[in-house]
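Student: This structure is in structure tokens; I'll ask about it shortly.
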Amino acid sequence: MTGRPLREVQLTLGLTRGNKRPVGEDVAASAKSHNLSRRQGGAIVAIFQVGLLYSAGAVLALVFREEVVLDIFLLFLSLWGALCFFMLWRRIDWGNYRFLSFGALFLLTSACFRVSSFLDVLFFGNRIERWPIYADEPLLFIAYGEFTFVAGALILVGTWLALRGHEHSIVIIKSWRYDRSILIIGYAIGVSVVFSIRILEFDLAFLGSILYVFFIMAMLSILLISLGSSQGRTWRRCVLLPLLLSFPLIYGALGTGMKENIIFSVLPVAIGVFVVAKGAWTRTFVGLLMAAVFAFMTVFVSIQRDINWIEGQGRSAVQVFDITVDAFRLDNNLWATAVENSLSRKNLLEVNGWSFAIVEHRGHVKEFSPDHAYQIFIPRVLWVEKPQFRPGSDFSDLVYGRGMGDYTATAAGFFSALYLGAGLWGVLIYSMMLGALYAVSLSVVIRFGSSFAQLLLLSGAAYKALRLDEGWPVYEFAGSISLLLMVILLGKLISFFQKSTRRVRV
């Protein structure tokens, strides 16, 4: 029998349905769809079960809160939350996307932050006596805040899973091959925009809300250039090359006074180090070294804010770095302070309780609701009286007193801020909307965007998963829409430049 194409054989034997795909392909597609539906159903059931389990433990802790030491209550609450988030992450069948998809990364991040809260309370105790606001039942408000976070997180991830957001992850980078010209163009555009805005201090409010898209595009291009090559993964290619390419981002981030900007600007270098580092002991040493660098950066940023933001001295990043080094030399206890600041920075147990204390005495503050997120997209030229969006500063005014927002911005926690602005029903509804927004955005980009745009959106969603716990609702909703629009636009722009470059070569 002569070999004929499968399609021709199936047509001859009548194994097709009209002009549709062959029956074999339909069966395979149906089996894949059934498998995905089964995984979705199992994930939703796991979310309900873990939600009930967490609720039972939290209620039990509340019942006996007056019978135990204050720190024991906080330790249990944080550890119980971490355990439930990790348990849910383990029970969901993520396939190959268990680490870098939006939902999986958000669950892991939530678990890790609660471990940080546990360590903070374990080593440094609680800070309830130093609360800047009055609360009748601080433990009750803390428990409400944690329960609200868990409920909102489960609804957000559940909605995202139900709409098949888990079918894609940035691990698809392994199966894609990119033209080097695309990466060079993406790097040039991302670095140029980020460096210009941060160094020249452009006052572009709208662009500032989507600046991270350009930042992620530059970072993604650096990773693909350095780690996506088949020439071998050496220290020179995986560490030195990302360091050189990331230098404009690092230099610009050092002057912002924001730890997150500094950390993410050196992320390509850190990933490169872990890729080439061999052995568990070597990677453990690298991890401890990175933790020490993070603790140092905490003090560096604190000194930089005091000198430049409050005192207005206008010192450069190099000068602040020298001052920080001298401070560590003169104060032997500064490392302990740095570790405490690092742990407390991610301990939102008490901060979550502040929002409930504010609502108890002042009612809900609608300025923190995402209802008016659409206003961010209206240019100030068209709306001269457009209100300024500064939720971190406004929250500082509520907590520390009017006028303090001019000097500091305080995070309220995403779900606590939702409750502060929109109440409990707002937490439930807006959590569902945000999960749907991330899932639908991916479907839109797959339909209308390029492969690089898809990867850029997935990377942006992963970045958001790391930051969502401290995000503000108005920025998260506006930012997710901006992310969708920008990745499609940037994908088209890079493709245009690539085609233009090829025409010039011809």
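Yeah, the Cβs are placed from backbone N, Cα and C, and that goes for glycine too.
For reference, TrEMBL lists these features for the protein:
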TRANSMEM  42-64  transmembrane segment
TRANSMEM  70-88  transmembrane segment
TRANSMEM  100-119  transmembrane segment
TRANSMEM  139-161  transmembrane segment
TRANSMEM  182-200  transmembrane segment
TRANSMEM  206-226  transmembrane segment
TRANSMEM  238-255  transmembrane segment
TRANSMEM  261-277  transmembrane segment
TRANSMEM  284-303  transmembrane segment
TRANSMEM  407-430  transmembrane segment
TRANSMEM  437-457  transmembrane segment
TRANSMEM  477-497  transmembrane segment
Student: Among 100-119, 407-430, 477-497, point out the range having the most Cβ pairs under 8 angstroms from the transmembrane segment (139-161).
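Tutor: Stretch with maximum Cβ contacts: 407-430.
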Student: Under 8 angstroms, Cβ to Cβ: which one of 42-64, 100-119, 284-303, 407-430 has the largest number of such pairs with the transmembrane segment (70-88)?
Tutor: 100-119
Student: So which residues does the transmembrane segment (284-303) touch in its own chain, when a touch means Cβ under 8 Å and the partner is 6 or more beyond its ends?
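Tutor: For the transmembrane segment (284-303), the nonlocal Cβ contacts are 257-259, 262-263, 270, 273-274, 277, 320-321, 323-324, 327-328, 334-335, 337-339, 341-342, 345.
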